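J.: The structure is given below, and queries will be raised subsequently.
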Ligand code: ASP
């Protein structure tokens, strides 16, 4: 299993332990993402997620089963505890697999998903503070976002991919990023591998980078080669044509459990394999089209913990 950001560590630990007991990739992915959604300290996913400019927490999530390409997704959903579970349930429907706004919230309510006010006191005060700061400075209102994205392989060689996020802090009401969009925020094919993205959705969705990485792995590239090629070529293309590229970080894994990461910012992520315990790594862009990946140092982990 590979997952974006250090916040995924506890979820990956829990889910990878269960994978050893032969649970499915889909179940493991849901366990890992729910753990992040339920944690009030993580301000960009689920409970405690930062609100939009109206002070409302709008959540996006998606689930994909790599065996049969079933996809379910929600966007702009409010007050539902576990968006990933709603997305997974939708992936089993024949029609109506991607629901937005009130429709997604109503579906979750009708189908017995737990309702919770997702705006914590802490997220509310961050919002109030940002409103004040924005009156005084040029600060970008959108600083503050991270998506939990997971790609998972199980003992029967099934794969799943999924995402969950509150999107950009201070986003406009109704704004949706890449995270619930197939091919952009996530993609998985159990005969090849899967990928997931985090970063500026407005730029990520221009490159369909999750699909592109899976396609390149299907052509025989290793996950690391595929991630480097897709992310840095697109980063260069955006920089050339538009002057700059937003933050883009992609994770991927193939059917052998080999993994890769590419990013144009400092990017922590978590990996657990058959032989390796869950571990936090930090990636950054190297020279040319390469990625430097190091295990997180004790100092880094201490700062993160704090
Ligand atoms: N990609 C997410 C979005 O644009 C945010 C993030 O992953 O940081 O909604």
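Cβ coordinates come from backbone N, Cα and C, glycine included.
Model, not experiment: these values are computed from the prediction.
Among the features that TrEMBL reports, active site, nucleophile is placed at 147. Positions annotated as substrate binding site by TrEMBL: 175, 176, 177, 178, 198, 199, 200, 201.
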J.: How big is the gap, in Å, between the Cα of residue 177 (substrate binding site) and that of residue 147 (active site, nucleophile), rounded to a whole number?
T.: 10
J.: Based on DSSP, name the secondary structure state of residue 175 (substrate binding site): helix, strand or coil.
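T.: It is coil.
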J.: Can you name the binding-site residues among 175, 176, 198 whose CA is within 10 A of the CA of residue 147 (active site, nucleophile)?
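T.: Those close enough are 198.
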J.: Just name the winner among 175, 198, 199, 200 (the binding-site residues) by count of other CB atoms within 10 A of its CB.
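T.: It comes out as 198.
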J.: Tell me, by DSSP, whether the residue listed as 'active site, nucleophile' is helix, strand or coil?
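T.: Note: the residue listed as 'active site, nucleophile' is coil by DSSP, not helix or strand.
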J.: Ten-angstrom check, please: count other Cβ atoms within 10 Å of the Cβ of residue 176 (substrate binding site), all chains counted.
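T.: For residue 176 (substrate binding site), the count of other Cβ atoms within 10 Å is 19.
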J.: Please give the greatest C-alpha separation between any two of the substrate-binding residues 175, 176, 177, 178, 198, 199, 200, 201, in angstrom, as a whole number.
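T.: Across 175, 176, 177, 178, 198, 199, 200, 201, the two farthest Cα atoms sit 16 Å apart.
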J.: Within 10 angstroms of the C-beta of residue 147 (active site, nucleophile), what count of other C-beta atoms is obtained when all protein chains are considered?
T.: 30
J.: DSSP secondary structure for residue 200 (substrate binding site), reduced to helix/strand/coil, please.
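T.: Once the DSSP labels are grouped into three classes, residue 200 (substrate binding site) ends up as coil.
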